[in-house]
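A.B. asks: Once you've had a glance at the structure underneath, I'll fire off some questions.
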Amino acid sequence: MYSANHWGGSFEIATDGVASEDDDSRNTDLDPGALQSSAARLHRHELDETQLGWLLGPPAAKKKNRHVDLGCVVVKRKVLVWAFWALVAGFVVVGVPVIVSRAIPRKIPRPPPPDQYAEALHKALLFFNAQKSGRLPRSNGIRWRGNSGLKDGSDAKDVKGGLVGGYYDAGDNIKFHFPMAFSMTLLSWSVIEYSAKYKAVGEYDHVRELIKWGTDYLLRTFNSSASTIDHVYAQVVAVGAATIKSKTPDDHYCWNRPEDMAYARPTLSVTSAPDLGAEIAAALAAASIAFRDDAAYSKKLAHGAATMYEFATRNNNQQQATYSRHRPEIEPFYNSTSYWDEHVWGAAWLYYATGNSSYIAAATGPALAKNAMAFDNGILDLSVFSWDNKLPGAGMLLSRLRMFLNPGYPYEASLSGYHRAAELDMCKCLRRFAAFNFTRGGLALFNHGRGQPLQYVVANSFLAALYADYLEAVNVPGWNCGPHFIPADDLRAFAKSQLDYILGDNPRKMSYVVGYGQRYPRHVHHRGASTPRNGVRYSCTGGYRWRDSKKADPNVVTGAMVGGPDRRDRFNDSRMAFGQTEPTLVGNAGLVAALVAVTSSGGAAGVGAVDRNSMFSAVPPLFPAAPPPPPAWKP
């Protein structure tokens, strides 16, 4: 048998040439060694690379790095894998806790606590609830008050439903319409300027309800649906002229709760009321702006304001009698010294409420400014804003028009005069210029040390803080008092210093707002607060026991700002010291306005200083719009 050929190919031994057996024999004979060598060479086969591959098998595979083509870059697969797991780990470490934390219910963060001014504001507004007359709503919130004065105005046959409602003026039970109207004007002004602040502290609806309670009543004091009228009711007062020395049953001689009044309360009608009429017009006009979101009510208020202003100014070409002249029921209490200031004040408010240019023409007329002595800076008391002097308030209103809208001709000359007067009024507030005296404790004596000093302090503090906000709104850092530049913050500092004094930063360390702080007046000159509601109906003089009692008031008239200390910072907490312990409607209206002007509560919510636009919502554009471009010419 033949041996197997494990290598493949022929068994023939190839040589370089063709060899014969003879050659091999010859070679063998000659050289046996060579022959052996030749045989060995014949059997040796040189393997090529392929054959070696068959013999040795496949070579060990060499590890290669695999790559992934991502389009713009080629990345090693291992790197891509590590990156993927890194993302997964990051999601587990970061993403899962975030998802879990968001899924867990969280408590809404509480807003920062209100500052002292906001806290006092809440209380100051409650005083108006305590002063309400008429049938009280269940939501009034003053438990010791009830329905009262339900027969008021029953003798006024031309008033449907009588004069039920409104507010009692102070610690007595009289409804004085002149200071009541001014109080509503102040409250409305504060709402127009600082509505965002009222909303931030949760008092917006409350303060508007208080304003409406007052303006609803003022609309009943005359025929507000008519276009012309010939009289207005000035107040509801008791028999006996309600004089201080009266000995007959009336609102001053008697000391009993308004719910227990048993004496007659006739109304007082006047046919000449240039001051009262203009003030009522101002109150209704200002409220119509504050209630702009209630179109029907706003329109009703504006119409009533126009009717009343026409009544107040119909005889401007001749001297008129003030509403209080020769009237003993009014003169000792709210005697109006002039009416020209109310005419400027009322006209300014009616212009903002209606946009009727006749009102701004009247307010800026040179004759009216002259009669009102608007630019007479030599009379110090004309710089004090109060229920009797509206010039500083009117000057501030007209300065607002110039600062924000700048109408120019033909109003610029007059508006610049009012603006200069307003700036001088602000200069006189500052202690450094010594226009007014201050107590050692720092209280400004705008009424020269007489009784009821605080109502003047808060009204003028409101104007100071408001003017500072006007300057901020138009990006002006301050103003000049002669050669001295005064930063706007100095006005805010003044306003805050006066309010701080009232709230307890004074030599007695006593708050003059009832219910605020730990130490406040406990013997307020107030019939309702001093007489307990115990089911007993005390007679006219039977209530004297509570007036003369040394005990603290059984009913706390929360938020009432009393009259205030004397010029030496002394205070007599006695019901008989009515100049110091009696609260008033106008005093609290000024207090509310000043407090909302200076409080910073709600500022974190983006509450600005003043509302620039609401005041001018009815004012038409002062300059005509540019005409449209002519149509393009076509051939």
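From the backbone N, Cα and C atoms, a Cβ is placed for every residue, glycine too.
TrEMBL labels come from automatic prediction, so no person has curated them.
From a predicted model like this one, the values you see are computed outputs, not experimental measurements.
Checked TrEMBL, it gives:
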- 79-100: transmembrane segment (TRANSMEM)
- 117-595: domain 'Glycoside hydrolase family 9' (DOMAIN)
- His525: active site (ACT_SITE)
- Asp573: active site (ACT_SITE)
- Glu582: active site (ACT_SITE)
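Buried or exposed, and what's around them? Tell me for each listed feature.
C.D. replies: For the domain 'Glycoside hydrolase family 9' (117-595), the model's average pLDDT works out to 95.
Around His525 (active site), the same-chain residues six or more apart in sequence whose CB sits under 8 Å from its CB are Ala170, Gly171, Val562, Arg575, Met576, Ala577, Phe578, Thr581, Glu582, Pro583, listed in sequence order.
On its own chain, Asp573 (active site) has Pro521, Arg522, His523, Gln580, Thr581 as residues at least 6 apart in sequence with a Cβ closer than 8 Å to its own Cβ.
There are 21 other Cβ atoms within 10 Å of the Cβ belonging to Glu582 (active site).
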